[in-house]
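Swiss-Prot annotations:
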ACT_SITE  His121  active site, charge relay system
ACT_SITE  Asp149  active site, charge relay system
ACT_SITE  Ser256  active site, charge relay system
DOMAIN    51-300  domain 'Peptidase S6'
DOMAIN    1029-1295  domain 'Autotransporter'
SIGNAL    1-49  signal peptide
Amino acid sequence: MNKIYSLKYSAATGGLIAVSELAKRVSGKTNRKLVATMLSLAVAGTVNAANIDISNVWARDYLDLAQNKGIFQPGATDVTITLKNGDKFSFHNLSIPDFSGAAASGAATAIGGSYSVTVAHNKKNPQAAETQVYAQSSYRVVDRRNSNDFEIQRLNKFVVETVGATPAETNPTTYSDALERYGIVTSDGSKKIIGFRAGSGGTSFINGESKISTNSAYSHDLLSASLFEVTQWDSYGMMIYKNDKTFRNLEIFGDSGSGAYLYDNKLEKWVLVGTTHGIASVNGDQLTWITKYNDKLVSELKDTYSHKINLNGNNVTIKNTDITLHQNNADTTGTQEKITKDKDIVFTNGGDVLFKDNLDFGSGGIIFDEGHEYNINGQGFTFKGAGIDIGKESIVNWNALYSSDDVLHKIGPGTLNVQKKQGANIKIGEGNVILNEEGTFNNIYLASGNGKVILNKDNSLGNDQYAGIFFTKRGGTLDLNGHNQTFTRIAATDDGTTITNSDTTKEAVLAINNEDSYIYHGNINGNIKLTHNINSQDKKTNAKLILDGSVNTKNDVEVSNASLTMQGHATEHAIFRSSANHCSLVFLCGTDWVTVLKETESSYNKKFNSDYKSNNQQTSFDQPDWKTGVFKFDTLHLNNADFSISRNANVEGNISANKSAITIGDKNVYIDNLAGKNITNNGFDFKQTISTNLSIGETKFTGGITAHNSQIAIGDQAVVTLNGATFLDNTPISIDKGAKVIAQNSMFTTKGIDISGELTMMGIPEQNSKTVTPGLHYAADGFRLSGGNANFIARNMASVTGNIYADDAATITLGQPETETPTISSAYQAWAETLLYGFDTAYRGAITAPKATVSMNNAIWHLNSQSSINRLETKDSMVRFTGDNGKFTTLTVNNLTIDDSAFVLRANLAQADQLVVNKSLSGKNNLLLVDFIEKNGNSNGLNIDLVSAPKGTAVDVFKATTRSIGFSDVTPVIEQKNDTDKATWTLIGYKSVANADAAKKATLLMSGGYKAFLAEVNNLNKRMGDLRDINGESGAWARIISGTGSAGGGFSDNYTHVQVGADNKHELDGLDLFTGVTMTYTDSHAGSDAFSGETKSVGAGLYASAMFESGAYIDLIGKYVHHDNEYTATFAGLGTRDYSSHSWYAGAEVGYRYHVTDSAWIEPQAELVYGAVSGKQFSWKDQGMNLTMKDKDFNPLIGRTGVDVGKSFSGKDWKVTARAGLGYQFDLFANGETVLRDASGEKRIKGEKDGRMLMNVGLNAEIRDNLRFGLEFEKSAFGKYNVDNAINANFRYSF
């Protein structure tokens, strides 16, 4: 308000108006009488010039709220602030209004288009509202209407920086109606009308009895907010409110015209209910009068400046002040109307508009309604005016020019499709603007966050360092639409800016090529590849691109010879004064009020460590509120580059680096001192001032890293989740104190890993599943733990290899309780068994950590070198001593606690691995196992110490047990004794016996050659039998056989056997002789609970069949088969073996077909097959013991006798022969011998003979004269190995 206002009744306005107490013929006494008369209120003298109460609220909170800064973002809910007494203040749980409609002076509020509202008496003070500034645009008042001091103003341009405040759509007549529409339930449970006001009057800060005067009014820096309660709804057409007693900002001179907002429960949004009129003091409380929003008055002014033209699909021509409407687009004289300058032309229902002259609409613009298409043609003529307003879902195809000496303002949610180069600047507040020409506009200004620029041609932006596009407060969107775009810098002032590519089929490259430090505050998303490449032979460390907004793309990011930083953004706050204090002479000007304010709040800032609240800086390195930047991409490619992730950044994506430095959790952060204010020069220039300092906050990275000749540093408060495979070649990595790295995928490094923080290595969790695949982790130079806070963890199906070194009291954790161990993915069960030995975690390496603590739970440690530990605690775990070249190993522990665990030590006849405990050994239910890597039968007389511990150690800490090693059960003989200085567990001998179960499993595996031979034998004679059934001729044939078999010991197999061949018929005296050749392929799979694998076989053979006229026949066949085998065994540590073998076959069958009738027969038969099966041998080590398993070459001889019966059925054009058979197959020779050898000796297992009953049924059919088809089912029974089911299908084509 202008100075201090009293209230006076006005006959002209029909209500109260505010009149300066300094005005002529008005006195405080006169005013008091008027107020007492009209309002029945007692006004106690003049109102004190006091407004912002900072006794319990920081000054900055009032300013942040009005300027929508800090936590007070539009729409924010559950907002609370901390008061200076430490209490919380919640604003009655109201959401935060959008105050962007407030002009910079605070004395007027935009309501959309070219209109704003204020109070009429502000006209006396041009600073208040005669010229209104929004962001970088200034607007002049060109006309007004007012009533009861409420004033609606028309501006010379459409306001692009804001869509404006939403006006109240209704004016309740009573308080109860208003309470229903605008009331909210307050924190005390009562329903009240609570609202906000934003203005910038003559600001003073009150702290108790002291006052800090700013001597400033209408300053945008000091735009502040009030929280109020409406106490009277209607008083001479106005409402009355009082300020909140805690968040207390009393209106003062200069606040006149500022907007008052209430939450509309029906619309569910904040609405502008009026403008601030005047103040009065009643019983010591200040009351504020709000002149209500006058929708009728607003509509009258808008109607005055609107010229509506219904095109209805037709066209109009505009020349000078004449507008001519042509019906049905006919180019004839039509209806003419006069255009009044400064009026808005409102087009409806679509159509064409043709300019036939240069048009200057003054403060008038062109408005297009919703949902239609318009074509604007200019024939080289220009338009100039307030701007263009396009309704929702309307398209305006702009083929005219805008005047180059003015700036086009575009608002409305519709689309402006610009088809011609304009040679002018544009400011965009809402909707889409499509650019179809190179350099369509000289410069583009985007504001409010509601506008979008769409590129529809290469180079459609400018060619300067900013590409001629500027994003002011809340910015807007640039859609590359499949076009590449290069910037030196993007002129964006906040995260309201978004650069996207909506073309899902064509990637757009966004290149940012700054060679000096630059911060981009906006967002990047869509189908975009981001690059920051500097053309240089050397790395340009000054070419630092800093992203503190967000990236969300499935494409790559590329950086070469430059630096890239991803970080959060220090939240901007209000400042008290942006300009410097121009008076440095304290004795003349007094102490600068900004300094006084800072000193006033210093004690509270010291208490709460909150100097940043009073330092007159919009951002500070020490402030706690940083916006988290989220950055998602596919792969970041670094070449001779630096990449850092600083505080409050969350990065997701893979990294591929070459000769680069990667820092995750970088302490160096960057602040743009002009953030939010970067855009200058009426909106078409950009300034940035960057400060850098140290500031630590949480940093996250999720992805995998591949790096060559690079370096990686993980800093304090960084959380790194390596869920992608990580391969580091000649790339050291360090993990600082306070950092956490979680490797959820395999990790390999040719260097070491330095750990001062925490490293966790795990298996690979499967997406959308609770199962886990084992993860492999390997560090060639080991893991180096530094300091007492270093933490090394391996769990959740992790297999880790690499020595561990710790120089202090670090913590090393291996495994986790069995109850927490996840399910292993079914596809990796066998692999997990090999890697983890049935434990949760496996570790291979030595641990040198004389001050550290190692904890093992459900883990196995393969100890392969000398190790020393301060404290070792194990549960449900195993420590297994291993080593190369027969070297024995010693584990030295100061304090050892073991429960339900096992120690496996190796021993020969003279030496052994040793466990040395210096201070304490305790525990129960533990096994002491011995791997005998050298034995010579039962042996006594050994004297080898395995464990030594302090004197008095309980004798039952360990117990010896029998171990299955190789094909033997070995039992160590261990003597426990307590000498004068120590307790020892000494190996004095061992006993070994054959392990029948291991031998059985080995024999079952080695019998695979015999079973493969048998499968081939069963299929040898199939072809010759077919020839007898079909009275065949010379021809070609094919057969496929699929079957399954089983044997004792859980053995089962399945196979698919394919035969192809051709034969020739020779008609001789008294017999038919068939000779032929065959090729075969067999794919078989076999397994048991002890092994599994497959055999692929290929073979070739010759056969002959002589069929005598008497019914007798003789079949002969010879065949060779080559086998490729791969089997994995789970016994005796055999693992997976690949080997080749072969076999020979020679078979003869004789029989006689006796015809019972012409179509039925009985056929007794006998077969003998002799063969050769190659042997095989495997040699390996199990737990240090040398093992050999082999079977020799052997020659099977297999006989078969049986009888077949059959009958033929025929018709005119068909014939089918059905048959059934029953036989017995038997071994004449025993199959091969298996030899097993381990350190306890040799075991020979003789082969056995087997026999089985064979059964089959089948048929052969003549499909055509020269085409035959056969099908047969068979199985066997009563053998040690049986064919459970087999099906045989064959085809023959006769020549």
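The backbone N, Cα and C atoms fix where each Cβ goes, glycine too.
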In which DSSP state, out of helix, strand and coil, do we find His121 (active site, charge relay system)?
helix
Between Ser256 (active site, charge relay system) and His121 (active site, charge relay system), what C-alpha distance do you get in Å?
8
Reported as an integer number of Å, what is the Cα distance between Asp149 (active site, charge relay system) and His121 (active site, charge relay system)?
7
His121 (active site, charge relay system): tally of other CB atoms within 10 A of its CB:
23
Translate the DSSP assignment of Asp149 (active site, charge relay system) into the three-state scheme.
coil
The sparsest Cβ environment within 10 Å, among the active-site residues Asp149, Ser256, is found at Asp149
